[in-house]
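Worksheet: the structure to be examined is printed underneath.
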């Protein structure tokens, strides 16, 4: 608006300059040539008569000025035959004022216009350099220099702008003076020269000229008073605006307003120029209802950037620039990355877009409702005495929601408690429980109950199950579904038997984010399989977290905001060793919370039936092993009996052969004894030695 109004003033100044140049040329002809004096006077009279036909943007319908110039035109027509002796008086009384206005005042306007343009360009260049500042600490010296450059250029632009505007306002008074004062001097010169021709100058004309002189003096005094007031205003504005020259003011002195439902200001927009290259363009952005609009310099009106009803906004890191945030549309098909100039603007833009996305602007008192919502978020971290009262005010009753199998039968190992109204807050979430807002990988380092598989950390995962260099651990899984999610936070809970645990965790995490100004969310791909849930980095395809499906005992989506969902993971280990703990993880999706819960329920059903099939197969294998063992025992028994029979036969045969050999030995012994008795003593010794 200011630049548009400035354009009107500049157009008026150009029209005044054009008209004054013509009037100056006409009066200069009076001064230059005595012979052409009559014609020049006639031309002057003609131009004065055409004043009412001029279309000055700021002139309006000045009937007094028009009638006055018409009266002058008539008198100048009567004095068209001037003499050359008037040249000296005309040079002092007529040419000097209009020459001063043309050479000094109009040129001053042009000079100030050029200085203002230079200051504006310097300010734009300083803002561009400031926007490219890095967040690294080693650039503090460069940051100080660039900040000082922004301060100096902004102050210079503001001061130049105020002096330029003051000169444009003063030009309206000087225009009248430059028109009336030369004419008055001209007429006075004519009167003083033509004393003898006073019969043509009646008393009525002298009275008219006197009144015009008085009017000129009044206009001059009014101009001086106005100039003095504008100078005082300039000084006051310079003192009051000094802190505003800093691009990033102190947030303690200028706190951010979080209850806004309308916001306007300059932002840097990121535009992709190639696969990996991008450019930043500074434009004026403003909100209009539920739309985000932008307007480039020189455009007549703004254009639609994005519909921000039910959108999502989060802080992002982009090309080492500060104060960047990303807006994603409701359907997730369109997103825009913008950069604010200061931390105050950065927080106000995020809060304003969050308020608009909740459609608060449609109410009668949007700022009051936004303040109430933010106050509720501040009070959300203080535990209320009754769980029932808190949920009656924040969401519909549990009995009013339709029954969902995923939160009762498949979503939890146990059934929903019928005495939910009797539960207290401490029975769901442990008091003073820390909240984790970022992902810590790998999960096995923080959750001792989860076994860390070999090669799990740092290994790339193909979410589509395609075989690569190594066989993925979920390659044989029947179910593979991928969702885009953003991690909001996680905290330990004391119960995992009711979906209200998830609702309460959502409330506390969102309230804590609002209180601590945590806008950053980590975007990941959630892969649902029959074995586990995986959080995968969308760029590197590295598994950030892995949740075994049997440990996911409860999952639910928010009843009002379908983009929010969470699940409870039961692990062995926690603050106290050798006991099971439950941790609730909360995520935001692109309006796919119910789909994700359905997918998890389907995965658990498939895993349940697979487990039943596995147990039946193991039981059958056990039966087969028992039968095989019994058959082996039977075969072994038969072999033993067979061996015993064989051994009995061998023993019988052996006994018969032993009996035969005994009888033979007895006969030989008897014969040898008879021989020994026949040999005598010497023969016995010889036989014994043999």
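Cβ coordinates come from backbone N, Cα and C, glycine included.
Among the ranges 265-299, 300-334, 335-369, 440-474, the one that TrEMBL lists as region 'Disordered' is 440-474. Note on TrEMBL: of 195-231, 380-416, 491-527, 528-564, the range annotated with the feature region 'Disordered' is 380-416.
When pLDDT is averaged over the domain 'PH' (260-358), the result is 88. Across the compositional bias 'Basic and acidic residues' (619-648), DSSP helix (H, G, I), strand (E, B) and coil residues number 30 helix, 0 strand, 0 coil. Residues of the domain 'PH' (260-358) grouped by DSSP class, helix first, strand second and coil last, total 15 helix, 46 strand, 38 coil.
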